[in-house]
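Student: For LEU117, GLY121, HIS122, LEU123, SER349, PRO350, PHE351, the entry in Swiss-Prot reads (6S)-5,6,7,8-tetrahydrofolate binding site, with the evidence type sequence analysis. The annotation N6-(pyridoxal phosphate)lysine is assigned in Swiss-Prot to LYS226 on the grounds of sequence analysis. The site 'Plays an important role in substrate specificity' feature in Swiss-Prot is assigned to HIS225.
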Amino acid sequence: MDELLIQDPEVGRAIVQEVERQTGKLELIASENFVSPAVRAAQGSVLTHKYAEGYPGKRYYGGCEFVDVAENLAIDRACEIFGAQYANVQPHSGSQANMAVYFSALTPGDTILAMDLSHGGHLTHGSPVNFSGRFYNVVFYGVSRETGCIDYDSVAELAREHRPAMIVAGASAYSRIIDFARFRAIADEVGSLLMVDMAHIAGLVAAGLHPSPVGTAHFTTTTTHKTLRGPRGGMILSDEEAAKKLNSQIFPGIQGGPLMHVIAAKAVAFGEALRPEFGAYQKQVVANAAKLAATLTDAGFELVSGGTDNHLMLVDLTNKDITGKDAQHALDLAGITANKNTVPFETRSPFVTSGIRLGTPALTTRGMKEAEMVKVAGWIIDALGNIGNETRLAEISRDVEKFARQFPLFHW
């Protein structure tokens with residue numbers, strides 16, 4: 001960092017300020033996490049210099065013998081973690097992993113049945129502003145108005161009516177266990193392929209705390225950050241039968257040279273996921289989410305589906321007459337980072353929203369447990385009760401900073 005501050009003080013100062021933000025605030029964005037020093041070391045290594053188009057043993061460039069080692073380790077460890085026959089670790093993101101699956105199995109104009117974004121889905125699951133919504137005919141399923149949980153009977157009815165070429169399961173803001181076996185049964189009934197995007201829950205799946213889609217779905221995609229606690233990137237898991245098509249869709253289909261420094265960092269993170277400590281960490285993530293959810297519920301906050309089974313919760317602020325936008329801003333002033341989020345059957349725009357999404361992976365990585373979640377919930381409640389009161393929000397922020405700095409960014 002000293003060298004960077006000398007060579008490029010503007011970028012260096014921005015990074016120093018970001019370190020201060022991360023250490024002095026409470027990170028509750030459900031899709032964010034903190035990686036280990038080992039993962040950061042791999043990602044910042046000389047592997048960033050190397051072009052390696054192709055796959056291990058079949059490169060279009062020379063000098064790839066050592067990056068091949070890194071990629072093979074990432075592949076082997078991913079397959080071991082999830083019990084998969086095949087893994088492609090080259091996708092630069094979860095979005096590109098999803099794109100490769102679509103391109104390998106579908107034709108433009110085919111019908112996809114996927115979860116509505118406002119009910120907890122993802123942009124790449126058919127949103128009209130995304131490539132997936134432009135290339136394919138998308139039919140959406142959602143959650144029950146009564147329970148806030150996926151309405152599997154409705155999914156089955158929609159599948160029978162529309163006969164989709166592919167059903168997509170997985171979400172970015174859904175707090176309950178997803179029944180992948182039920183999705184596969186529906187897919188089989190109508191002759192559809194099933195893709196599961198487990199980006200948010202991959203770490204829980206790795207630790208056996210959520211049913212695995214691998215072996216149930218035809219294709220499983222994920223990011224490698226979030227609960228999996230690796231570098232930002234994507235991955236595809238499937239069987240040997242699909243390998244050739246998937247490989248060719250990643251390269252040369254939608255990507256050129258893979259990011260070998262990121263792939264090495266993925267290998268390191270996957271190695272960490274095979275350690276017993278990783279399972280203990282994931283259990284704590286779930287326990288922390290349950291405690292945070294229960295404390296907020298006891299204070300009169302309404303959670304979509306009534307609670308959480310995983311690492312996140314979706315707080316519906318309608319009964320508090322607070323918008324997600326205002327809540328996010330107030331929390332930020334109080335030293336707590338979260339994101340506004342649409343809720344099922346949303347009445348406000350995506351730029352305003354009626355909810356906020358909260359997650360515990362990052363705080364758990366810092367070493368926080370249930371007792372700390374009660375404190376965090378107290379500050380959230382205080383901040384949301386003082387929207388517009390900048391004096392009180394500043395006081396909360398000072399308390400939050402003093403508390404947060406007691407914890408390192410990464411703790412086993």
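The backbone N, Cα and C atoms fix where each Cβ goes, glycine too.
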Student: Let me know the most crowded of the binding-site residues, choosing from LEU117, LEU123 and counting other Cβ atoms within 10 Å.
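Tutor: The largest 10 Å Cβ neighbour count belongs to LEU117.
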Student: What does the structure give for the C-alpha distance between LYS226 (N6-(pyridoxal phosphate)lysine) and LEU117 ((6S)-5,6,7,8-tetrahydrofolate binding site)? Integer Å is fine.
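Tutor: Computed Cα spacing between LYS226 (N6-(pyridoxal phosphate)lysine) and LEU117 ((6S)-5,6,7,8-tetrahydrofolate binding site) is 19 Å.
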Student: What whole-number distance in angstrom separates the two most remote CA atoms of the (6S)-5,6,7,8-tetrahydrofolate-binding residues LEU117, GLY121, HIS122, LEU123, SER349, PRO350, PHE351?
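Tutor: Overall maximum Cα spacing for these binding residues reaches 17 Å.
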Student: Give the three-state DSSP assignment (helix, strand or coil) for LYS226 (N6-(pyridoxal phosphate)lysine).
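Tutor: Once the DSSP labels are grouped into three classes, LYS226 (N6-(pyridoxal phosphate)lysine) ends up as helix.
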Student: Identify which of the recorded positions GLY121, HIS122, LYS226, SER349 has its Cβ surrounded by the largest number of other Cβ atoms within 10 Å, counting every protein chain shown.
Tutor: LYS226
Student: PHE351 ((6S)-5,6,7,8-tetrahydrofolate binding site) to HIS225 (site 'Plays an important role in substrate specificity'): how many Å between their Cα atoms?
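Tutor: Each residue's Cα considered, PHE351 ((6S)-5,6,7,8-tetrahydrofolate binding site) and HIS225 (site 'Plays an important role in substrate specificity') end up 25 Å apart.
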Student: If you count, for each of the recorded positions HIS225, PRO350, PHE351, the other Cβ atoms lying within 10 Å of its Cβ, which residue has the minimum?
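Tutor: Least crowded of the recorded positions HIS225, PRO350, PHE351, by Cβ count within 10 Å, is PHE351.
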Student: Given PRO350 ((6S)-5,6,7,8-tetrahydrofolate binding site) and HIS225 (site 'Plays an important role in substrate specificity'), what distance in Å do their CA atoms have, once rounded to a whole number?
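Tutor: Roughly 24 Å, rounded to the nearest whole number.
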Student: Cα-Cα separation of HIS122 ((6S)-5,6,7,8-tetrahydrofolate binding site) and HIS225 (site 'Plays an important role in substrate specificity'), in Å?
Tutor: 16
Student: When DSSP states are folded down to helix, strand and coil, where does LEU117 ((6S)-5,6,7,8-tetrahydrofolate binding site) land?
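Tutor: Going by the DSSP assignment, LEU117 ((6S)-5,6,7,8-tetrahydrofolate binding site) falls within a helical segment, counted as helix.
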Student: In angstrom units, rounded to an integer, how far apart are the Cα atoms of LEU123 ((6S)-5,6,7,8-tetrahydrofolate binding site) and HIS225 (site 'Plays an important role in substrate specificity')?
Tutor: 18
